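Here's what Swiss-Prot has on this protein:
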| type | residues | note |
| --- | --- | --- |
| ACT_SITE | Glu869 | active site, charge relay system |
| ACT_SITE | Lys1001 | active site, charge relay system |
| ACT_SITE | Asp1077 | active site, charge relay system |
| BINDING | Ser936, Arg937, Phe938, Asp963, Ala964, Met965, Gly966, Met967, Asn968, Met969, Ile970, Ser971, Asn1179, Arg1180 | NADP(+) binding site |
| COMPBIAS | 434-445 | compositional bias 'Polar residues' |
| COMPBIAS | 685-702 | compositional bias 'Pro residues' |
| COMPBIAS | 1201-1210 | compositional bias 'Polar residues' |
| REGION | 428-449 | region 'Disordered' |
| REGION | 683-702 | region 'Disordered' |
| REGION | 722-742 | region 'Disordered' |
| REGION | 1182-1226 | region 'Disordered' |
| TRANSMEM | 17-37 | transmembrane segment |
| TRANSMEM | 224-244 | transmembrane segment |
| TRANSMEM | 252-272 | transmembrane segment |
| TRANSMEM | 337-357 | transmembrane segment |
| TRANSMEM | 373-393 | transmembrane segment |
| TRANSMEM | 481-501 | transmembrane segment |
| TRANSMEM | 1150-1170 | transmembrane segment |
Amino acid sequence: MRAVLRLLSTHTVFSPIETIVSVFVLATLAYFHILSGIKHSSFFASSHPPAIRPAFAHLTNGEWVAVSQHDWTEAWKHPGGSLDALELQQVVFTLDDKTQPSAVLDASAISQHLVSNVPALSGKAYSSLCHHPNVSGTSCFTSVSGPGASPILTLSFKPGTRDDWLGSLRKEKTITLDGVKYDVGAGKRQESIGDMESSKWVAYALSALVLRFWELTKADSLDILVVLTGYILMHVTFMRLFLASRALGSNFWLSAGIFSSATISFLFTLPMCRSMDIPLDPIALTEALPFLVCTVGFDKPLRLARAVMAHPNILKPQDDGRMKAAGDVILEALDRVGNMILRDYALEIAVLFVGVNSRVGGLKEFCAVAAALLAMDRLMTFTLYTAVLTIMVEVRRIKKVRDMTKARSRSSSITAVTANGTAIRGVLSRKSSKQSVTEPETTKNLRQRATDSAIGVKGSLLKDGGRLQEAEENPMARLKLLLIASFLTLHILNFCTTLTSATANARHQRHPFRTVQEVVPIPRVDITTPAIANILSHLAVAQEPMFTVVGSEPIELLVKVAAPVYVHALPLAPALRASNTNTGEAIENFMSSWSSLVGDPVVSKWIVALLAVSVALNGYLLKGIAAGSGLAAMRAVRSQGVRFRSRARSIVKISDEPEPEPEHSIDPAPVVFFASAAPAVEAPAPAPAPEPEPPVNRPPPLTIFSRPLNLETVDKKLQDALPIRSPPPVEPITPESREVEPTQVEVRSLAECVDVFENGPRPVSVALKTLNDEEVILLCQTGKIAPYALVKMLADFDRAVRVRRALISRASRTKTLENSLVPMKDYDYARVMGACCENVIGYMPLPLGIAGPLKIDGLMYPIPMATAEGTLVASTSRGCKALNAGGGVTTVLTADGMTRGPAIDFPSIVRAAEAKAFIESEDGYATIREAFESTSRFAKLQKIKCALAGRTLFVRFATRTGDAMGMNMISKATEKALDVLSHEFPEMVVLALSGNYCTDKKPAAISWIEGRGKSIVAEAVIPGKVVKSVLKTTVESLCNVNTKKNLIGSAMAGSVGGFNAHAANILTAVFLATGQDPAQNVESSNCMTLMEPTNGGEDLLMTISMPCIEVGTVGGGTILEPQGAVLDLLGVRGAHPTNPGQNAQQLARIIASAVMAGELSLISALAAGHLVRAHLAHNRSQLNTPMPSRPHTPGPEDVSHVQQLPTPSASDDKGVTAQGYVVEAK
């Protein structure tokens, strides 16, 4: 377990500040997560539902009077009398909160849309469901308020028809009209606690919390007593922590560090429990909090603190006079007590798991939270808490040095230097010494004595010198474990058996919990509000013609006013919301957001706490620097200022001349030496000539002088003592300079290099750093280092590439690679190694061009193309221009499924047929699908196609693979599926995981018919005038060339999937630019290009069908930064955050659209006869064809024109007659 502990704590103890800051940042994020969960939970929500009941009104004698629902129902159920019933429904439109305060909303358009275009669920229009205010009229009673912040649409309905129409409206959910998006039911509602401001939220939360706790007054007094006892024990635990920390010499910081570690563990535990679906109730957490504190306890962090304080080198130097690094002190303390701490954690978590499996309500959740909290507390103890202890050790050392420096200055004592220049260690390096100066004990006043008697003497457990006395193991941990086990046992028995008459079930039955819903009435719609009263008055005016006498009784009106429906209006274009926003308002909004963030009650406290800790810690560190580690450092501070030196420079000898003896003898005084965290490695280097032995009385490398030093002189001597290394040449390396290069760089013999390699510092990469490249090449050439293991041995990607390049070059016949123009520098080889390529010697750059942009499904996309073919990007751009003029390209995804087709052998065709039938059956397919999809959360099996060839069964799995191209994913899933199939057919033999039934990287009719990867169909309409002006041809000519070339010509050639002009050209260029597998252009380029006239022959209708585009945006070449940057340009890099597979599908749509642009441009060029001229102008190599060529047969008279090519093999291959020669054409 020590290895595990060191793995967790090594980084934290040597980088404590970074660890603490990182953990506090994560804790802040966890706090925001918890805060969001609390604000949007139902705990603080109102205990009654926010629904509002409808109101009922009766118009009699020109006045509206509230009536009951029974009266309105009677008028509805018994029509034909003097009463007429109807329903009113108001639709309130609200603007987005981010719009300007002065913005208004015109609801006339959306109101007309709702009335005219939204039918009821039954299919009836609103006009047939509405209420007519008079008998002869045909218009409905509808009212719309004028433009404003919240306009209101009022609709009238016949009785019983409002719900039919309202259900249809709510089914719409969203309506987009005139650039505005309307969300039905998402408008203004009762403000929830999640929407409140910080101050209002705190007040509301406190009031809701008080009300919730007030509801607990009906709880049993025994339960309240148990909770009260728990809180008392929790505060006793806090007091024990404070007293134990004070006994270890810390009044505040140790206990604060332990408490902060536990608090952060609790903050991390709550989101973790939420993700694990452990129910968390604030009331239950409040009741369980004291028991959680007692369960976690602080005995384990205190045990680790005692082990640190008991370390012999916490304040005492080592034998070489240097202080052991604080991180090493913490790690050695962990080695001593870490296993016991882990044992206690494991036992407590194991006991809590018994409670988790007890199936007792309440106890199960408490034990689950407590176990998770203990696990997180264990992690924080070995990470955050160890970093805090490291800082405490450093601060304690600095404080001790400062106190001793003050004592020396009071006694006017200085540091003594012995005859050989070694400073005498003081009281910190001795347990007891007669020469040590004993500080006089100060007389404590009454207040100090009272404090010591009440809370204990500070540092009472520490020896003289500040080190903890050895103590036996505290039995408190075992006692706590026993109490937890007893608590769980009694709780389970008290719940499951009737030991007494006052069990938990009996108390619950005698005191049932009453909710607020039983006493709080549900509110009604208020008909006296101005919005409703105004509508009712308008209805009364419109209804006056109906108040005629029929017989002798006037017709009266009863109205049901339902709760309003809110519709949220959100402008789609950001410019609409921010059209009036100037720079000053933007800055004001930013400052307001920042003020609200900083004004958060917890964030502001974190900032203040961190600032206070930073100021206090910086004060200690600056005082420690000022105090120094000895009198010489203190004098240097006074005279020359503070200078920081690394350990590597401190070992350089300052002078070869002996220093004069000090004039005065000095008393011994303590001196503390601080060492860096990692020791410097001194590698053996060859010396050009032996040097004479130095004198015996030579001072050691590190000497503390009794007189002030001139820092400028010391710096000059240090620079002179450093070895001088010549910089590498900046001019290009030529073959001549390469030949003399070994004489310029001294190369050690093979024996010396092998000695450094085998006996040098470990790991081996450190030893190889002391060898130059030529010496490493020598080791590789002699077989000591394998070329494929250079990266592992050197631990340097760039150097490994450089060395491998030299090895391959010198072993080749031409020996030109080492100094060739193949680039090597400024490349991130870390992403390549182990993922994309092996035996890397550089990289091959390709020109990257951008065609377009092209409008695809309403959005503009640039088309990245990596190619070395001239006119390709320009031609594709011309096609994009023509397609954009016609409105762009529309694409559809018809299928998405990567395939893998293994070959399986059976002993007979009968068993092979049975296996085929099993796979194609419902039960067999379900079994294989379950096994297949268990290997990845992205692998979703679409279908299985089987085929028999003798005794061999071929199974073609088609799978959705998310945003990855999916070959690795589906191969792993296929292996799992075949393993499950072998349980049903043990005699089967898997011949090959890929039996070429996929078919991968090979042309095949099955891929053309069934599809593989993404199947895309694209369509576009190009106007005839664009065909003439941009493409310089006609619609009739294009259709004729396409039919004769792409369809008839390909059919004559017997092509499979090759019914196109040059789809592979564009597809491969995009593949190379976006990091796809270029080998898969074989099947991905399967394409059928169709053209036909439309709109009476005036325009051109063009379609592209590509059934097997195999692309991905995750893995493979997409991990390389250049290719990833191109995917960023398209907005499809990585996995889609919400819809897996959407990024890869979008990339396939872009590729198909780009192919359409390239096809359109090339066929137009063929139809117009521009192809040859374009290639002669843009894609013809002038160096290789200096003159226009024409048919010519060389004869005997042409021998004089024979020239020899300057090939590297010309000097080696004698008598070559055909190779290396060319005949000029005349």
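Yeah, the Cβs are placed from backbone N, Cα and C, and that goes for glycine too.
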(message) Just to verify: the residue among Ala964, Ile970 with the fewest other Cβ atoms within 10 Å, which of the binding-site residues is it?
(response) Ala964
(message) Which one is it: of the recorded positions Glu869, Ser936, Phe938, Gly966, which Cβ has the fewest other Cβ atoms within 10 Å in this structure?
(response) Glu869
(request) Could you tell me what the rest of the chain brings near the transmembrane segment (17-37), counting residues at least six beyond its ends with Cβ under 8 Å? (result) 11, 194, 264, 267-268, 270-271, 274, 380, 383-384, 387-388, 391, 602-603, 606, 610
(request) Please state whether DSSP places Ile970 (NADP(+) binding site) in a helix, a strand or coil. (result) helix
(message) I need the nearest neighbour of Lys1001 (active site, charge relay system) among the recorded positions Glu869, Phe938, Asn968, Asp1077, using C-alpha distances.
(response) Asp1077
(message) Using Cβ atoms and a strict cutoff of less than 8 Å, what residues sit near the transmembrane segment (252-272) while being 6 or more residues removed from its termini?
(response) 23-24, 26-27, 30-31, 33-34, 37, 238, 241-242, 245, 280, 292-293, 296, 298, 301-302, 305, 369, 372-373, 376-377, 379-381, 384-385, 388-389, 392, 395
(message) Using Cβ atoms and a strict cutoff of less than 8 Å, what residues sit near the transmembrane segment (224-244) while being 6 or more residues removed from its termini?
(response) 216, 255, 258-259, 287, 289-291, 293-294, 297-298, 302, 455-456
(message) Are there residues at least six beyond either end of the transmembrane segment (373-393) with Cβ under 8 Å to its Cβ atoms? List them, or say none.
(response) 5, 8-9, 12-17, 19-20, 23, 250, 253-254, 257-258, 260-262, 264-266, 268-269, 272, 292, 295-296, 300-301, 304-305, 308, 314, 326-327, 329-330, 334, 338, 341-342, 345, 348-349, 352, 617
(request) Determine, from DSSP, whether Ala964 (NADP(+) binding site) sits in helix, strand or coil. (result) strand
(message) Of Glu869, Phe938, Asn968, Ile970, which is closest to Asp1077 (active site, charge relay system) if I measure between C-alpha atoms? They're all recorded positions.
(response) Asn968
(message) Give me the CA-CA distance between Ser936 (NADP(+) binding site) and Glu869 (active site, charge relay system), in Å, as a whole number.
(response) 40
(message) At 10 angstroms around each C-beta, which of the recorded positions Asn968, Lys1001, Asp1077 has the fewest other C-beta atoms nearby?
(response) Asn968
(request) May I ask for the distance between Ala964 (NADP(+) binding site) and Glu869 (active site, charge relay system), taken between their Cα atoms and rounded to an integer number of Å? (result) 29
(request) Using C-alpha atoms only, work out the spacing between Ile970 (NADP(+) binding site) and Glu869 (active site, charge relay system) and round it to an integer in Å. (result) 35
(request) State the Cα to Cα distance, in Å, between Gly966 (NADP(+) binding site) and Glu869 (active site, charge relay system), rounded to an integer. (result) 30
(message) What whole-number Å value do you get for the CA-CA distance of Asn968 (NADP(+) binding site) and Glu869 (active site, charge relay system)?
(response) 32
(message) I need the CA-to-CA distance for Phe938 (NADP(+) binding site) versus Glu869 (active site, charge relay system), whole Å please.
(response) 38
